[in-house]
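*Asks:* Okay, these came from TrEMBL:
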- 23-107: domain 'RRM' (DOMAIN)
- 143-219: domain 'RRM' (DOMAIN)
- 313-387: domain 'RRM' (DOMAIN)
- 430-504: domain 'RRM' (DOMAIN)
- 231-252: region 'Disordered' (REGION)
Amino acid sequence: MSTNGSDSKKLRVEDSMDSPPSRVIHIRKLPNEVSETEVIALGLPFGKVTNILMLKGKNQAFLELGTEEAAVTMVNYYTAVTPQVRNVPVFIQYSNHKELKTDSALNQRAQAVLQAVSAVQEGGSPSSAAGESVLTPAPSPVLRIIIDNMFYPVTLDVLQQIFSKFGTVMKIITFTKNNQFQALLQFSDPVNAQQAKLSLDGQNIYNSCCTLRIDFSKLVNLNVKYNNDKSRDYTRPELPAGDGQPPVDPSVAATLSKDSTSLLGTPSGMVTSYSSGGGFPSSLGAISPLSAAAAAAAAAGRVALSGHSGPGGVLLVSNLNEEMVTPQSLFTLFGVYGDVQRVKILYNKKDSALIQMSDGNQAQLAMSHLNGQKMYGKIIRVTLSKHQTVQLPREGLDDQGLTKDFTSSPLHRFKKPGSKNFQNIFPPSATLHLSNIPENVTEEDLRLLFSNSGGTVKAFKFFQDRKMALLQMSTVEEAIQALIDLHNYDMGRGHRLRVSFSKSTI
């Protein structure tokens, strides 16, 4: 495709949505005054960007990626997640052109920016000709991340999935400081940290919230002692979970307090504040907060929602403890993230089960939070199933109680539109939130009840009205077990105890 003064008018800008895959991507409906850097940043997470052509009069651009595979990944991702530039949704599709041939004289600024970004990607130092002086060599492989507007929980795993697009994530430490969720994340190479900061600073993880503020940390190496939900060293999988002890080495904690560069306000950097891949299709976000959270989980995991967001969200759960697991225990645990309709433990493979949620969004949410958790001593694997529904056994056929229909269960948490339960969806944690506690029940009663589920109660705290409480078990696994055993437990006088995971610690 050659472009000069006359040819550019002949460009077919209405590329078909049905175009076969191409490494050239056609981007439409860009906002006015958009910069080359912002357009390049749309493609950066998916691989090397090799060429760019801006059609500013038409609010369009063509972006050429290094490989067709990178382009396919990019289009698939943005099918599920509406790309935004300066908070304006833009449209992305394959171009009919297989490569981009540009007149360098007419495309000089774009080429200069591209060279600068490429230099960062390849670890060189960009030439000042780009006019983008912010591309100085990365000072550290460690990024300091602050999450603004955190309306949905952001977990260590979500951060790992997002940032690993830019290189090998070696270590992550999460903590709360000044009532804000923060993290330190270490790449194997400062260049990867530079790329991630360039592309992600100012982006939203979830729709209109959970904004990433990223800066380089003064630390150049993180010292992680425990692998748990607060800290992780991916290079040392043998580290202990820490049994509720502080996850960060005290010397690192001391250094954290010094590393206090503020990221609030307008992020300064090569990429002005925009959100490519941070927003979600309004049709998803408008269904319910649960759907928005599911969409967010999907984006973080790079899982396309297409094909799974309608009715019939069926999950396949494997590596179950077949001696212990029951349809009821799966109903209770997965019911924390959606309304479970049916459960079938497979007759010929009793360490696996199919679980039908109300819809694909709930299935996505349950998968993102429960995959890799421990249930009855075994790490379970949760994936989306190809089945659309779970079949009930034929009438009169005894399947040994392996299939159960929960369609009309009174225990569904998300039946009522606008229920508070939508706002209280958190990843499994060692701290449990208890509610519906009768007046006459004491702290000792509850400590004894939860100790009997096979774990150790580390801490307890009543809310002011004593109808609710926080209770902390030793480990996340113990908390999962206690929730399975004691959610809906009969406390007498018509009170059924309600148990869910809490984002708080005691």
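Note that Cβ sites are derived from N, Cα and C of the backbone, with glycine treated the same way.
Thinking about packing and proximity, how do these listed features fit into the structure?
*Replies:* For the domain 'RRM' (23-107), DSSP puts the residue distribution at 27 helix, 26 strand, 32 coil.
Looking just at the domain 'RRM' (313-387), the mean pLDDT is 93.
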*Asks:* For the domain 'RRM' (23-107), which recorded stretch in the set 143-219, 313-387, 430-504 gives the largest number of Cβ pairs separated by under 8 Å?
*Replies:* 143-219
*Asks:* By DSSP assignment, list the helix, strand and coil residue numbers for the domain 'RRM' (430-504), in that order.
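*Replies:* The breakdown for the domain 'RRM' (430-504) reads 20 helix, 22 strand, 33 coil.
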*Asks:* Where DSSP helix means H, G or I and strand means E or B, what are the helix, strand and coil counts for the domain 'RRM' (313-387)?
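*Replies:* With helix first, then strand, then coil, the domain 'RRM' (313-387) has 19 helix, 27 strand, 29 coil.
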*Asks:* Report the DSSP secondary-structure composition of the domain 'RRM' (143-219) as helix, strand and coil residue counts.
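*Replies:* Split into helix, strand and coil, the domain 'RRM' (143-219) gives 22 helix, 34 strand, 21 coil.
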